[in-house]
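Q: Please find one structure pasted underneath; my questions will follow.
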Amino acid sequence: GGNHSSITEVTLLGFSHRPGLQVPLFLLFLMIYLMTMAANISIVVLVVADRHFHTPMYFFLGNLSCLEVCYSSTILPRLLASFLTGDRAISIRCCTLQFYFFGSLTAVECCLLAVMSLDRYMAICRPLHYAALMRVRFCLPLAAGSWISGFLSTIANTYWMSAMDLCGPTDLDHFFCDFSSLLKLSCSDTSLMALVTLLLSALFTLPPFLLTLSSYICIIAAILRIPSTVGRHKAFSTCSSHLIVVTLYYGTIIFVYVLPDTDTLRPLNKLFSLFYTVITPFANPLIYSLRNHEVRETLTRA
């Protein structure tokens, strides 16, 4: 109820204030962004153009690569511009829009990883039923449902956030517009909003995580029952890459959003946020597809 003025823009402090590090950081992140875009777009084109990759596994991989293109483009262009120009200011409207796409795409990725774990579960634990169940009429709704539910998941708290009266401080100690950072700008009590957002986040991320976890428990149990060493190795190789990505993605998210936001942990939170916003989209095509002999051969021929 006191006197205050509503702010219209904030400053994302990013990683470094030293002028000498801006150019090296710009070149590093530019290289990561270009390689992320090139690898993921190549996989999308490959999955669409080559009928040999018109299978459920590659269909979901194409969706994941399309997601990573959007995900990287939500965060990295603004970060690159701040390194190049030194201007770290961003309007509240653009910040809210960035948060909406970031939050939505994060929820979509959780759903897609769960769907891909279900696909691997069916392939390894139910091989005789796999071809009959994982048809186009089943895969399309799973992919579409992941995208639709992800973009619906953040509408309420984004609208609520856009209606907040913000009064500062104007400096955000982050490299993108994170929800917890934006809440600190509010002049009013945000405890109810934080609670609702936590419940919505749990609703849209906890079930996919539990489905992914249970799928891999069943997969590992099924692999351990295979009598031959060669058979176990072949079965595990089909899902090990997915397991690496899931561990990296959920591990860093849990570290950032579950542990308390203290001055001691804040630099680590920023570092681990870098993993799931920048490193994971860069690593996904390398781990999932480009290490696959068939994919490498097809790309080389193309």
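Glycine is no exception: its Cβ is also placed from the backbone N, Cα and C atoms.
Where the annotation comes from TrEMBL, it is an automatic prediction and has not been curated.
In case it's useful when we look at the structure, here is the feature table from TrEMBL:
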DOMAIN    39-288  domain 'G-protein coupled receptors family 1 profile'
TRANSMEM  25-48  transmembrane segment
TRANSMEM  60-79  transmembrane segment
TRANSMEM  99-118  transmembrane segment
TRANSMEM  138-160  transmembrane segment
TRANSMEM  192-224  transmembrane segment
TRANSMEM  236-259  transmembrane segment
TRANSMEM  271-290  transmembrane segment
Q: Does the transmembrane segment (60-79) come close to the transmembrane segment (138-160), meaning at least 3 CB pairs under 8 Å for residues 6 or more apart?
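A: In contact, yes.
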Q: Taking all residues of the domain 'G-protein coupled receptors family 1 profile' (39-288) together, what is their mean pLDDT?
A: 84
